[in-house]
Amino acid sequence: MKLITILLLCSRLLPSLAQEEDAQEMDCNDESLFQAVDTALKKYNAGLKSGNQFVLYQVTEGTKKDGSKTFYSFKYQIKEGNCSVQSGFAWQDCDFKDAEEAATGECTATLEKRRNNKFSIATQICNITPGKGPIVTNEYHCLGCMHPISVDSPELGPVLKHAVEHFNNNTKHTHLFALGEVKSADRQVVAGMNYQIIYSIVQTNCSKEDFPSLHEDCVPLPSGDDGECKGNAFVDIHKTIAGFSDSCEFYPGDDLFELLPEDCPGCPRNIPVDSPELKEALGHSIAQLNAENNHTFYFKIDTVKKATSQVVAGTKYVIEFIARETKCSKESNAELTADCETKRLGQSLNCNANVYMRPWENKVVPTVKCKVLDMTSVIRRPPGFSPFRAPRVKKPKESTTVSPSYIARVQEERDPGNEQGPIHGHGWLHAKQIKNKNHQGHKHGHGIGHGHQKPHGLGHGHQLKLDDLKQQREDGYDHRHPVGHGHGQRHGHGHGHGHGRDKHTNKDKNNVKHTDQRRAPLTSSSEDNTTSTQIQGRTEGFTLNPPLAQPAVISRGFQDSGFTEGVIATTSPYDTETHDDLIPDIHVQPDSLSFKLISDFPEATSHKCPGRPWKPVSRKDPTIETTEFSDFDLLDALS
């Protein structure tokens with residue numbers, strides 16, 4: 001697994017190393033990019049002889065190329081400011097001129113970053129649109145500076161064409177090569193132009209014997225050779241390529257072969273695996289296999305995978321097939337017959353046979369080599385099986401899952417004393433009953449929590465009719481006790497003993513209210529109004545696991561009508577109580593930081609382009625600032 005991890009890391013790392021010198025996009029609000037733009041704009045304003053300076057409006061594009069030298073290439077938009085060229089102000093201290101009269105422009109620049117974090121301009125082209133007038137183009141090129149240019153620049157066309165012709169004319173390769181991809185290009189202004197280009201070449205289907213130079217019918221071969229070249233060209237002032245040199249590295253292609261002619265008597269040819277031509281050759285092959293094999297049973301050809309024939313001084317057959325063990329033994333059968341059936345779990349062989357036949361001499365020379373196929377590993381392991389993924393089967397411990405109602409029933413049988421004596425429950429829950437009827441029946445009973453689960457059991461409390469539980473609201477602290485206390489479906493007074501009246505009416509009953517920091521409404525319905533309570537008691541010999549949700553029959557007890565009515569409800573297998581007194585309420589706003597989820601993976605940083613528009617500082621005229629307070633008198637402030 002460690003080896004696989006290392007290989008994956010290397011596969012991710014190698015492309016990144018190969019692309020180290022490629023241009024990387026930058027955020028248009030990047031500080032270092034702004035410094036480069038500042039240098040370029042100051043250089044442009046310094047070249048103006050009259051008029052106003054230009055102020056940065058917005059950076060629209062930005063790339064960075066790291067290598068032996070670091071270059072910044074970017075585009076930015078400018079607007080005419082209200083500071084003159086001779087004012088001595090920097091462009092940051094100027095405001096925009098009125099939009100109707102102001103000139104606008106866009107500049108494309110390439111700057112080199114030096115070791116002292118200073119920038120030098122390699123090239124800059126600005127297209128200026130006056131407020132009223134045609135576009136004016138201003139170009140600047142650093143004399144003697146080698147700087148990158150666009151690989152799509154039209155000026156590279158003649159240089160690249162000459163580079164490919166130079167390679168084809170000075171190599172001994174049998175085929176012509178064509179231009180693949182231009183990876184980078186640099187230019188230097190001298191008494192002419194120097195170019196440094198890195199490009200790839202690919203082999204075409206045109207041979208040098210048939211084509212003296214590249215033709216429009218020459219297309220790159222998918223599996224042909226390719227290479228990468230570095231070329232240096234010099235173009236004089238007359239736009240003529242006066243010098244060129246290159247160095248290339250070759251990468252051989254995969255599965256490169258020449259197509260054989262259709263009529264080739266001595267060449268191997270593929271034949272169908274079900275061709276009748278193979279019948280005799282297959283017969284000799286299986287006979288040779290059974291003769292050389294010491295196995296007690298005969299083998300029979302099951303599948304022919306591929307076959308070729310070649311005309312030599314006779315015919316040579318090369319066949320690959322799979323042979324399987326049959327039920328016919330060599331002791332009881334003199335030879336293999338067609339009615340011999342193969343064994344379902346018999347041995348299988350992967351065989352390669354060479355059969356040389358000379359019919360006019362009745363000469364047959366078969367040669368068979370076989371390898372045993374391990375069928376057991378194929379049967380036991382599914383496709384894609386890996387020993388690293390073999391599951392470890394862990395025998396689970398024997399345990400018994402017991403539901404709360406079953407625990408109560410067992411406790412009754414083990415401790416009969418609980419049936420008669422009162423059980424004091426400390427259910428610290430005071431609920432306010434909202435009654436919809438004048439008479440509401442209350443039942444004192446011993447059940448699980450509050451309500452009648454069984455006539456006797458753990459806990460006790462009042463039981464209300466199911467129809468009267470449509471509106472309930474809980475006031476006060478809702479204290480939960482972990483052992484034998486709590487409330488179930490029925491809500492009532494948790495204090496008291498398990499003795500009381502069978503029936504009583506209480507129309508105007510005042511319940512004691514307890515002030516609480518929270519008021520939580522409890523919604524109940526006549527159809528589904530069951531809240532399960534986990535009861536922890538004496539359960540020696542049982543292992544309590546969270547059971548699956550299962551229906552529980554809840555008895556409403558004997559009413560005045562004299563019959564028992566059962567209600568089926570779904571009981572939650574887990575404790576639905578929440579210890580609100582231990583966990584404080586945290587009110588979270590939807591837009592707050594705590595409400596937002598944290599991603600498992602870091603978000604990909606997106607490059608923001610174009611950048612934020614520049615907001616110049618309004619520069620006021622000093623004369624106006626002094627005249628604003630010229631009429632101020634100190635006596636006015638003292639009066």
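From the backbone N, Cα and C atoms, a Cβ is placed for every residue, glycine too.
Annotation source Swiss-Prot lists signal peptide at 1-18.
Taken from Swiss-Prot, the feature disulfide bond covers Cys83-Cys94 (among others). The secondary structure of Cys94 (disulfide bond), as reduced to three states from DSSP, is coil rather than helix or strand.
In this structure, Cys107 (disulfide bond) is part of a beta strand by DSSP. Residues near Cys107 (disulfide bond) in space but far in sequence (CB under 8 A, at least 6 apart, same chain), listed by position: Ala40, Leu41, Tyr44, Lys75, Tyr76, Gln77, Ile78, Gln124, Ile125, Cys126, Asn127. What Swiss-Prot lists as disulfide bond is Cys107-Cys126 (among others), and the listing cites sequence analysis.
Annotation note: Cys145 (disulfide bond) sits in a coil segment as assigned by DSSP. Of all Cβ atoms in the shown protein chains, 16 besides its own fall within 10 Å of the Cβ of Cys145 (disulfide bond). Sequence annotations record features per position, and here Swiss-Prot assigns disulfide bond to Cys142-Cys145 (among others).
Marked as disulfide bond by Swiss-Prot on the basis of sequence analysis: Cys206-Cys218 (among others). DSSP assigns Cys218 (disulfide bond) to coil in the three-state reduction, placing it in neither a helix nor a strand.
In this structure, Cys248 (disulfide bond) is part of a beta strand by DSSP. Sequence-distant contacts (6 or more apart, same chain, Cβ under 8 Å) of Cys248 (disulfide bond) comprise Phe167, Ile201, Gly227, Glu228, Cys229, Lys230. The disulfide bond feature in Swiss-Prot is assigned to Cys229-Cys248 (among others); the stated evidence is sequence analysis.
Its Cβ placed at the centre, Cys267 (disulfide bond) has 12 other Cβ atoms within 10 Å. Taken from Swiss-Prot, the feature disulfide bond covers Cys264-Cys267 (among others), and the record attributes it to sequence analysis.
Annotation comment: Swiss-Prot describes 273-376 as domain 'Cystatin kininogen-type 3'. Model confidence over the domain 'Cystatin kininogen-type 3' (273-376) is summarised by a mean pLDDT of 89.
Summarising the annotation, Swiss-Prot assigns disulfide bond to Cys328-Cys340 (among others). Mapped onto three states, the DSSP output places Cys328 (disulfide bond) in strand. Its Cβ placed at the centre, Cys328 (disulfide bond) has 19 other Cβ atoms within 10 Å.
Annotation note: Cys370 (disulfide bond) sits in a strand segment as assigned by DSSP. Per Swiss-Prot, the feature disulfide bond maps to Cys351-Cys370 (among others).
The compositional bias 'Basic residues' annotation in Swiss-Prot covers 482-502.
Residues annotated as compositional bias 'Basic and acidic residues' in Swiss-Prot: 503-519.
If you look up Swiss-Prot, you'll see 522-537 marked as compositional bias 'Polar residues'.
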Given a 10 Å Cβ-Cβ cut-off, pick out the one of the disulfide-bonded residues Cys94, Cys142, Cys218, Cys340 that has the most other Cβ atoms nearby. Cys94
Under 8 Å by Cβ from Cys206 (disulfide bond), same chain, sequence gap 6 or more: His175, Leu176, Leu214, His215, Asp217, Cys218
For Cys145 (disulfide bond) and Cys340 (disulfide bond), the CA-to-CA distance in whole Å is 86
Rounded inter-Cα distance in Å - Cys142 (disulfide bond), Cys83 (disulfide bond): 27
For Cys328 (disulfide bond), the closest of the disulfide-bonded residues by C-alpha position, picking from Cys83, Cys267, Cys370, is Cys370
